[in-house]
Amino acid sequence: MSASLLILIPLLPLIGFLINGIGFKTIPKGAVGIIGTLAVVASFVISVMTFNDFVASGSQPLVVPLFEWITVGDLRIPFSFQIDQLSLLMLMIITGVGSLIHIYSIGYMHHDEGFGKFFAYLNLFLFFMLLLVLGSNYVIMFIGWEGVGLCSYLLIGFWNKNTNYNNTARKAFIMNRVGDLGFLLGIFTIIATFGSVEYTEVFAQASSFSLEDPVIVTICLFLFIGAMGKSAQIPLYTWLPDAMAGPTPVSALIHAATMVTAGIYMVIRSNVLYSLAPSALEIVGIIGGLTAIFAASIGLLQNDIKKVLAYSTVSQLGYMFMGLGAMAYSASMFHVITHAFFKALLFLGAGSVIHAMSDEQDIRNMGGLRKKLPITFITFLIATIAIAGIPPFAGFFSKDEILAHVFEHNKLLWVIGVIGSLMTSFYMFRLLFLTFFGNFRGTHEQEHHLHESPASMTIPLVILAVLSAVGGFIGVPEALHGSHHLAEFMSPLYDAARQANPAGFEPTTLSHSEEYLLMGVSVAVALISAVVAYVMYVQKASVPAPDSAEKSGLQRLVYNKYYVDELYDNVFVKSTKTLSNILYSFGEFFIDLFVNAAVRLTSFSAKMLRKTQTGSTGDYVFAMVLGIVAILFWKLLL
Amino acid sequence: MIPNPNIPEVSIPSVIQNIPLQHYLILSTLLFVIGIIGVLTRRNAIIIFMSVELMLNAANLLLIAFSSYRSDPSGQVFVFFIMAVAAAEVAVGLAIIVMIYRNTRNTDIGFLNKLKW
Amino acid sequence: MYPIVLLSFFGIVTLFLGFSKSKNILLPATLLFLIIALAGNFLEWNKGPLLYFYDMLRVDNVTLAFNGIILLSAFMIFAISGGFQDNPDSEPAEYFGLMLFSLVGALMMVGFQHLIMLFIGVEILSVAMYVLTGSNKRNLRSNEAALKYFLMGAFATGFMLFGITLLYGATGSFKLEQIQGFASNMQVGSESYILYAGLLLLLIGMLFKVSAAPFHFWTPDVYEGAPTIFTTFMSTVVKTAGFAALFRLLSGSFTGVYGFWWIVIAAIAVLTLLVGNIGATSQNSFKRMLAYSGISHAGYLLIALTALSKPSQNAIIFYSLAYSLSTICAFGVLMLVSKEKTIGGQPNEYYDAFNGLAKQNPLLAFVLTVSMLSLAGIPLTAGFWGKFFIFTSAAERGIIWITVIAVLMSTVGIYYYFRVIISSYLKEGDLVKIRVAPFYKVILVLATFLTILFGLAPGIFEGLI
């Protein structure tokens, strides 16, 4: 494969960024959209060509050196790209979903005055994201890592320059910096241990380490802190829901389909290291499981359409980490792929709804939209079924594979996972029913304005819907008489890890009947939740109470009709509600407490420090002498 | 000139070497510490400055002692440099103090606390 | 060696030029002098280690690289001084003369091979800086800064001298390689104690010059009180020279007793990082914040000294360059902005002076943003690589804990560096036009360009050494 072609993949979005970024005031709107979109589509086409070449040439991973970059002492960091199964899959997702979202944005952002700037940022984001997955060493990955973070903030702050922006941005920034801190420390520990940051060299050397070597465990934990920040895991997750302040296509592209999966990419990329550190993986799995159920339970009660999806994203990322914890790398990647399809679709669908509702985001003010927005409705329905894990749509296969592996690994986590998917199915169907069924609850103006979105928005929806529906067939498990294409394709990635830790890669011991049973359980809980949601929100047409008002008498009457419902309401809904509220405020409270405490501590010590700067020369000299005496005493007399 | 036979011929280094090196070390250190204490306790810029000079001279004394004990002239050469530099510092330092005196009619460092926090 | 001789001569010439009626010739002349000195500097490139002045000065590529950074910084600072035309009370010839002489001192500190050279270099640099700090004679703040700097500087010199004396007493020489030879084969005894005491005192004297905590107290006051142009000079040239000297001293003489001193430097580095970064958060004056930021950067550089591993040398050179470029940009923009917006006749050096800068002059806002990003160590700027190299050097030595602290502190750094970016982009300010002289603009753009270039391809620089 020619290097010149490969370099075009990240270069094209960069060129798009430069053209739109420099000339966004002079280039006409139509041209801006076309330039920005073309750059991404072209890089998608090249990615596909690269993929075909790769498969045709026998799936040999290769490192394409571009130029010598840096030499520090004995450490040599070349600027080179690595082409293998993992980076190719990520490339296809990023450029593929990216292209669709660009097309969508042409319609969605049409009325916005910052149209050119928006496309410039999107292209820049893609450039960094592609750099992140293409780089052949941790330093390039880090550059991309920071770059996508930067673009994410630029785009979060795209609309809300003045309102509360400082606070949100600060929180997001601190959380991500904590993550980046971990990543950086991981890199430096890698340098200290292996004397290199190139994947191939690091992994080759790592294979000679013994299982549970403390250095490897440390590296893995450091790297995982980085992943926690970027992929919004407990306790660094609260920035992601806040990030929903950005335009909806951004939420779809950055905060659902691509950037937030960077953490998973990193762990899979470092699978050799992680396979050598089962105790680190254990932590990864537990954090993932906790995040999955925690975020899902918060999602149960959110009334902002995008907030629900945001918590859902956090929760789904938790599933992926849970899978990684069970060393089911391929299964997690599988879920990354299917999640990219259906979550992008959900966000874009939500965008279409918001567009139609004149920027209304509260689902309590929606309802009955399925007649007015038929395409959006059908695609949204498909995505909902997919995320709920109902066969044969994409989410079923990937989630089921993760859960099967987790079941083998740790039964308790599996239970958590199943409860999580129960909640997932419930809040997603709740969202669907409240938005598209029942009667319209908004204002007359909004009702008058309701319209299906233009073709540039619906075509991406349809394409993504098709992918969400059939995307799962790349990894049909053996038990269902499929052949697992994806797992086979990715299998060479783990050769080194397999040698280092053979026990972790033993084939499944689950019999087919056990697998059927597991599948049956997860499908059953998903269906039950869907039915419950249907009963609650369509049959009884109950609407979540407004933040202040009490339930009306009529509603109470409806409730009282069914004894079962009352029981359900008292025992199940209320307790869940309370739990969910507690968890929500607990999480927010603690994280805010942490962030605020860090800020307070800094400002407090800053105040103390300020007091030492008295302005009097005598005091300064005195402090100096104290310092000198301390040093001399310490080094000469002690 | 004819050397006086009554006075035994002694070179200056050997006179210096009559006193043990430790004594020079202790004396210079004491001088140095006295200088530090002067800087710490005085508030008049000129006296602080004089204390600093005392510190420099403590170093000079010790250098000479080391130099003659080792019969190595480079220590003494250094002393010349130190004296030259100290002279330059005196010039600049007094100029600064005079400048401040003109503006504030005062050389007390306690009054200089506009720049702080 | 050439720049030392040339600049000494040019300094005298500059003083004579001051007699001429036309003051316009001064700036071009001194800039020309600096270019000649720069050219002279690189004449000896790759000529291998050369010794001059009775083996008291060593010229090798490391020396030349540091010299290059110092002369380049000086060139930029001279250029943005605008020849001190706007202040009728100023004495441009003397200022330029003093700065040229102080450069001689800086170059001696970079290349010294003999402790006399080090002492003379430090003093030439410092004495010139005392005068320049107090050059605004009628301004009480400038006076106060000068006196504080002078008294504390002289005090620190005393320690440095006493340290040198003790080193001489222990080893019998002022020469770096002989001290190295002695320190490497030393037996534990009274002499080793004298050597250790001497080393510590000398280090304390030097650490004072680079404003490491707890010897940093003078820095914020002096940086704030001195005229901004000389503050720029202090925070770039003096700091680079100080670190070059510390590096030469420690790597040239004391690698044999690394086990003794590294923990001292490490502790001071950590303290400096804490003081610099935390102190900067509570400042409302941008200039004073930059002083604290200067302290914090000294902390990062001390990490490279702590490690003193293979990458340390290049790390210090690269970091000094990145830091100097960004600092010159930051102070350059500050000078322009504070001149336009005054409070009671005094330049406004507070953060709010930058409100709405992006609308008033987008170029300045961009320059300021890049320099802040670089100081904060955000990727794709030179500052990121500077930090990266420094942390790599620590990692190679196997000291990870210090990197943990440093990275944490750099997070704090983002808070105060981004404050001014937020001021200039998100806050509304009066609509005053800020005019920038073309040459000034060229310098700022050049420094910004280099910051980004080294950020994209730090390898270019690595290839040079």
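Cβ from N, Cα, C; glycine included.
In TrEMBL, annotation is done automatically, which means it is predicted and not curated.
Feature annotation from TrEMBL assigns domain 'NADH:quinone oxidoreductase/Mrp antiporter transmembrane' to C:114-410.
When Cβ-Cβ distances below 8 Å are used as the criterion, the transmembrane segment (C:25-43) is approached by residues 2-3, 6-7, 10, 13-14, 17-18, 64, 67-68, 71-72, 74-75, 78-79, 81-83, 92-93, 96, 100, 103 of the same chain, each at least six residues removed from its ends. The transmembrane segment annotation in TrEMBL covers C:25-43 (among others).
Within the chain, the transmembrane segment (C:64-84) has long-range Cβ neighbours (under 8 A, six or more residues past its boundaries) at 3, 23-24, 26-27, 30-31, 34-35, 37-38, 41-42, 44-45, 90-92, 95-96, 99, 103, 106-107, 110-111, 229, 232-233, 236-237, 240-241, 244, 317, 320-321, 324, 328, 332, 335, 437, 439-440, 443-444, 446-447, 464-465. Annotation source TrEMBL lists transmembrane segment at C:64-84 (among others).
According to TrEMBL, the transmembrane segment annotation covers C:96-128 (among others).
Annotated transmembrane segment per TrEMBL: C:149-170 (among others), in sequence order.
Beyond its flanks by at least six residues, the transmembrane segment (C:193-217) meets 122, 126, 152-153, 156-157, 159-171, 182-183, 186, 238-239, 242-243, 245-246, 249, 254, 257, 260-261, 264-265, 268-269, 271-272, 274-276, 294-295, 298-299, 301-302 of its own chain at Cβ-Cβ distances under 8 Å. Residues or ranges marked as transmembrane segment in TrEMBL: C:193-217 (among others).
The transmembrane segment annotation in TrEMBL covers C:229-247 (among others).
Annotated transmembrane segment per TrEMBL: C:259-278 (among others), in sequence order.
Per TrEMBL, transmembrane segment is recorded for C:315-337 (among others).
Sequence-distant contacts of the transmembrane segment (C:363-386) (same chain, at least 6 residues past either end, Cβ-Cβ under 8 Å): 293, 297, 300, 315, 318-319, 321-323, 325-327, 329-330, 332-333, 336-337, 354, 357, 410, 413-414, 417-418, 420-421, 424-425, 434, 436, 441, 444-445, 447-448, 450-456, 458. Among the features that TrEMBL reports, transmembrane segment is placed at C:363-386 (among others).
Taken from TrEMBL, the feature transmembrane segment covers C:398-418 (among others).
Using a Cβ-Cβ cut-off under 8 Å and counting only residues 6 or more beyond its ends in the same chain, the transmembrane segment (C:439-461) has close neighbours at 76, 79-80, 82, 318, 321-322, 325-326, 328-329, 332-333, 336, 363-364, 366-367, 370-371, 374, 379-385, 389. The transmembrane segment annotation in TrEMBL covers C:439-461 (among others).
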Result, the transmembrane segment (C:229-247) in contact with the transmembrane segment (C:96-128) (3+ CB pairs under 8 Å): yes
Folded-back contacts onto the transmembrane segment (C:259-278), same chain, C-beta under 8 angstroms, at least six residues removed: 196, 199-200, 203, 207, 212-214, 216, 250, 292-300, 302-303, 305-306, 308, 399, 402, 405-406, 409-410, 412-413
